[in-house]
Amino acid sequence: MTMMDPLIVFTYKSQHKFSSFLCVCLLMIITFIEAQSNLCRTSCGNVPINYPLGIDDGCGSPYYRHILDCSELGKLELRTPSGRYPVHSISYSDPHVLVVDPYMWNCQDGDNFRPTRPFSLDTSTRFSLSPQNDYLFFNCSEDYVIVEPKPVFCERFPDRCDSSCDSASYLCRHLPECATALDRSSCCSYYPKATESLRLMLKYCASYTSVYWRTIGTSTTTDSPTSQVPEYGIRVDFDIPVTTHCLQCQDPSKGAGTCGFDTQTQNFLCLCKKGNVTSYCKDLDISEHRKASVIAGAVMGVSAAGAVGIGVGIWFVKKLRAKAPITCGVQSNENRLF
């Protein structure tokens, strides 16, 4: 077996590393351009997606990253530790997400209770269960659950009032959309303060459902009984973090950008049509104008250096023997990208 000249081996490895480096650089440049050109989607189906929420990574606030998912069919879902739930609507004026839990009891079930599971939220996010939710539990074992009419029970045992399930609840007596759905089953109302409390209730109750109070009309007085109606669903409240950076980014006079974040560092970014900046879109135009001459000079410098490098390379290749291995345009297990 003929030994390969060390000079040829060294040159081959150098060419191999340089080619791989160029491929990686080119891939990074293409990825960066594509990331800049793809702006954040503003809807999923008929549900609007605005700051601080986002369905594309790097859009919205990092506090709500990877929580909403939009399918190819335009179905929006909320991800939680207990599963994925269809999103019915999102309000930004009164920030909340309304989700539907298909495992909860509904009017069609009547006295037939299906297996259910407790709904839970990730406590590390800025989502929280709304106090406007009411929870109804069905067929609870009175050996383990205090099922009593609250007004009477609370007067007799004030220290145990919060732990009782109210059998005299208005919602139990007036089930939304189906007041007579229950013929043989008991109902009581209880607001679990933690997921563990909900799990414990479901251990001794056949099923449960969530009812939220939807505000109707233009009245700003939510305490009035006539301004709200009960509907099935789970209301999940969220915060809208307001920052100077985001307000400047969204300002129409400064380019009307989209608030987002760096997916690596999670630092703020203003997403613009021409690229991403840490301030606002019109600042990008100013920066590009100022840097034009610098970039041009840098390109000329790199071109000159490249020309010198090419000249040296040609001279060096001519010194190689004819038997030097040719790898241009060929992928081996050592130089493939994927």
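Note that Cβ sites are derived from N, Cα and C of the backbone, with glycine treated the same way.
Those TrEMBL annotations? Automatic predictions, nothing curated.
Annotated features in TrEMBL:
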- 1-35: signal peptide (SIGNAL)
- 40-101: domain 'Wall-associated receptor kinase galacturonan-binding' (DOMAIN)
- 294-317: transmembrane segment (TRANSMEM)
- Residue distribution over DSSP helix, strand and coil in the domain 'Wall-associated receptor kinase galacturonan-binding' (40-101): 3 helix, 26 strand, 33 coil
- Message: Averaged over the domain 'Wall-associated receptor kinase galacturonan-binding' (40-101), what pLDDT does the predicted model reach?
- Response: 95
